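Participant: Residues or ranges marked as domain 'ABC transporter' in Swiss-Prot: 3-246. If you look up Swiss-Prot, you'll see Gly40, Lys41, Thr42, Gly43, Ser44, Gly45, Lys46, Ser47 marked as ATP binding site, on the strength of sequence analysis.
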Amino acid sequence: MEILFKNVDYIYQPNSPFQFKALTDVNLKIESGSFMAIIGKTGSGKSTLIRHLNGLLKPSSGEVKIGNLTITSSIKESQLSDLRRKVGMLFQFPEQQLFADTVEHDIEFGPINFGTTKEKAKKIARESLKKVGLNDEFLNRSPLELSGGQMRRVALAGVLAVKPDILVLDEPTAGLDFIGKKEIMKLIKKLQLEEHTTIILVSNSMEDVADYAEEVILLSKGKVIKQASPNKIFSNKEITSALGIETPQTTVLAEFLLERGVDFKGSLPINEKSFNNFLKKIFEEKKKTRIL
C-alpha cells in the first residue's frame, strides 16, 4: 500500500498552555514494497510521524492516505480497525510488548484479536516463528526465559502473525550486540524482498540505514528536510553537519581518503558493499594497466 502525507501538522495538547507543534506541513510519499528509513535527532518528530501510520495519532490538519484509506482529524476509531491489521508496529525494546505466559500464546494474541480461530492461530504462530528463524521448541517456553535477540524475534513474530502489508520498526536493534543486530536487520530485509512488505525503519544507526534502506526521510524540528537515497543524504555533508547527523563509518573513512587525494569518481561509498565495489574497480583498472 502506498503511503502519502499531505500538509500534515500535529499539535500535542492544543489550546492549552502546554501546546506543542510536533509536525509542521509534512509532505512525503512511501512506495508500496519499499524500504524507507526515517532519521533525525531526538525531538525531530520521528515517533510522532510513525504513530500516524496506524491511526494511533490523527493529523491536527492535513491528511494521511494509506492505500484507499484517508486519515484526517475527524476519522472515527471504527474506521481504523482494518488499517491496524495491515500496519504492524514494533516499538523500541519490543520485548516489553511480550506479556503472555508462553511464546505461542503471545504470537496467537494478534490473530485471535482480529477474529481468527484458536486452531488457525496455532498454525499461524508456528509459521510466524519459523519466519523469524526459531523452531517449534520455543512455542511452550516463557518469553522471560529467552535471550534479548530471541525476544526481539518473538516480538516480531507476533507482529507478523497478523500478516501486515506495512511493518513499522522503531529502533529494532537497540541494545543488541553486533551479531544480534545483523541477524535482525537481515531478517527484516528478507521480509521486504521475499514478501514485498513495506518496511519503515526509525533508526539512530546510520550503518543500518546505509546497508538496508532504499530511501531516507530526514526530519528536523517536525519538518521534512530531505527525502532521497541514502547515498544522496550521507554525501550531503552540509546538511548532515548542520543537523548533527552522524555519517556511516564507511563514509567517514572515504572522506578521510578523499582529503588525501583518493579519487572516488563520483559519490562516496556509504557502506561496506559500495566500498568493496570501489576497491574492486581500482584493482581491475590496475590489472588492465599492467597488461598494457
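Here the Cβ of each residue, glycine as well, is placed from N, Cα and C on the backbone.
Keep in mind the model is a prediction, meaning the values are calculated, not measured.
Help me understand the surroundings of these features in the structure.
Facilitator: Per-residue confidence over the domain 'ABC transporter' (3-246) averages 93 (mean pLDDT, predicted model).
The number of other Cβ atoms within 10 Å of the Cβ belonging to Thr42 (ATP binding site), over all protein chains shown, comes to 7.
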Participant: List every residue in the same chain as Ser47 (ATP binding site), at least 6 positions away in sequence, whose Cβ is under 8 Å from its Cβ.
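Facilitator: Correct list: Asp170, Val202.
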Participant: I need the neighbours of the ATP site defined by Gly40, Lys41, Thr42, Gly43, Ser44, Gly45, Lys46, Ser47. Which other residues of that chain put their C-beta within 8 angstroms of the C-beta centroid, in sequence order?
Facilitator: Leu219, Ser220
Participant: Within the chain of Lys46 (ATP binding site), which residues six or more apart in sequence place their C-beta under 8 angstroms from its C-beta?
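Facilitator: Correct list: Ile38, Ile39, Gly40, Asp170, Val202, Leu219.
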